[in-house]
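Report on one structure; see the data block that follows.
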Amino acid sequence: MLNVLLCRAFCLQLERWSCILRSSEDNLKNLQPLLGGAYSKNQLSWTLQIKPSVFSEYRIMCFKSYSMTFACLNRMKSYRLPWTRLYSTSRTTVDSSEVKTFLALAHRWWDEQGVYAPLHSMNDLRVPFIRDNLLKTVADHQPGKPLSGMKILDVGCGGGLLTEPLGRLGASVIGIDPVDENIKTAQHHKSFDPVLDKRIEYRACSLEKIVEETAETFDAVVASEVVEHVLDLEMFIQCCCQVLKPGGSLFITTINKTQLSYALGIVFSEQIAGIVPKGTHTWEKFVSPEKLESILESNGLSVQTVAGMLYNPFSGYWRWSENTSLNYAAHALKSSMQKHPAPAEFALKEETEELRIETSTNSEPRR
């Protein structure tokens, strides 16, 4: 918008000078004393004998005006209003090709012997991992409902495989997924349990769509087996941070980007054993714990735990491991001290005051 306004202003200025040069005969005669020009009625062209002092003055004024304009605009662009989005609405974390893959499998989420069997058994690790780390942040809890009073966002919830266990622990959970059929499956399954029906809410949307309405709302955000499917990882983490309360927890489980993860996670699991459907994963989207930690810390999140996870395809069970070369789980905390940017008008006033003080200080005579 600023570029458009600048272009318009510049075009108007050029047009004003063009009008002067294309003026009528009477206007040229009126301008002649100022410009010191020689004009002939019988000639289509005329020569201006420019007075250096006149045009030098206007040129300096013009350049000063534009310099001040650009300086002011650049200064204002450096301030962000508190209600301004931190991301472009034209960007998205959702990969349309990934949506098509999961759309075809939406009806198979609750088949414990089907393609999502590894995710069902993963609950034996990830549910206690989330529960135990959240309980470290509270003084006491209710027996049987340890997460009572906590609000959790389950991003990429699919059919609700992780959402429901968290709801049974007493938490108020919102599950979101960009695949509408996944949400329909999740809503249908939770409708059989009246308790879960009250504690769980599902929405068919992307993470960035609810950032504004749920800013700093959740005690925890869970993204289990999701980050390896998103289109823009940095934007995804940024959105997770925005919806978290200060001091809130972010839980991620994903696949490391190693040669071993390619051999076992894609070649063996998808192409040979058929544990997961072909095309479910893209190795280029896998992320190492080091890179993930770097992105988390750049968004004000401090990593507390990174633990390796190993899956036995023959027994169908998961176990914890010190080796993170395949799957791993991470827990990060959002800083409890968040700096909010001041509105532009107040920031400019503050800077103007600082400049005034600095000028007055420099102008004082030295003793």
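Residue numbering: from 1, along the chain as shown.
The backbone N, Cα and C atoms fix where each Cβ goes, and this holds for glycine too.
Predicted automatically and left uncurated, TrEMBL annotations should be read as such.
What TrEMBL says about this one:
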BINDING   ARG126, GLY156, ASP177, SER224  S-adenosyl-L-methionine binding site
BINDING   GLU225, GLU228, HIS229  Mg(2+) binding site
>> Among residues ARG126, GLY156, ASP177, SER224 annotated as binding S-adenosyl-L-methionine, what is the maximum Cα-Cα distance? Answer in Å.
In response: 19
> Which of ASP177, GLU228 has the fewest nearby Cβ atoms, counting only those within 10 Å, among these binding-site residues?
Replying inline: GLU228
>> Could you check which of the binding-site residues GLU225, GLU228, HIS229 is the closest Cα neighbour of ARG126 (S-adenosyl-L-methionine binding site)?
In response: GLU225
> Given GLY156 (S-adenosyl-L-methionine binding site) and HIS229 (Mg(2+) binding site), what distance in Å do their CA atoms have, once rounded to a whole number?
Replying inline: 10
> If you take the centroid of the Cβ atoms of GLU225, GLU228, HIS229, the listed Mg(2+) site, which other residues of that chain have their Cβ within 8 Å of it?
Replying inline: GLY156, VAL226, VAL227, VAL230, THR254, ILE255, HIS281, LYS285
> At the level of the C-alpha atoms, what whole-angstrom distance separates GLU225 (Mg(2+) binding site) and ASP177 (S-adenosyl-L-methionine binding site)?
Replying inline: 13
> What is the interatomic distance between the Cα atoms of ASP177 (S-adenosyl-L-methionine binding site) and HIS229 (Mg(2+) binding site), given in whole Å?
Replying inline: 12
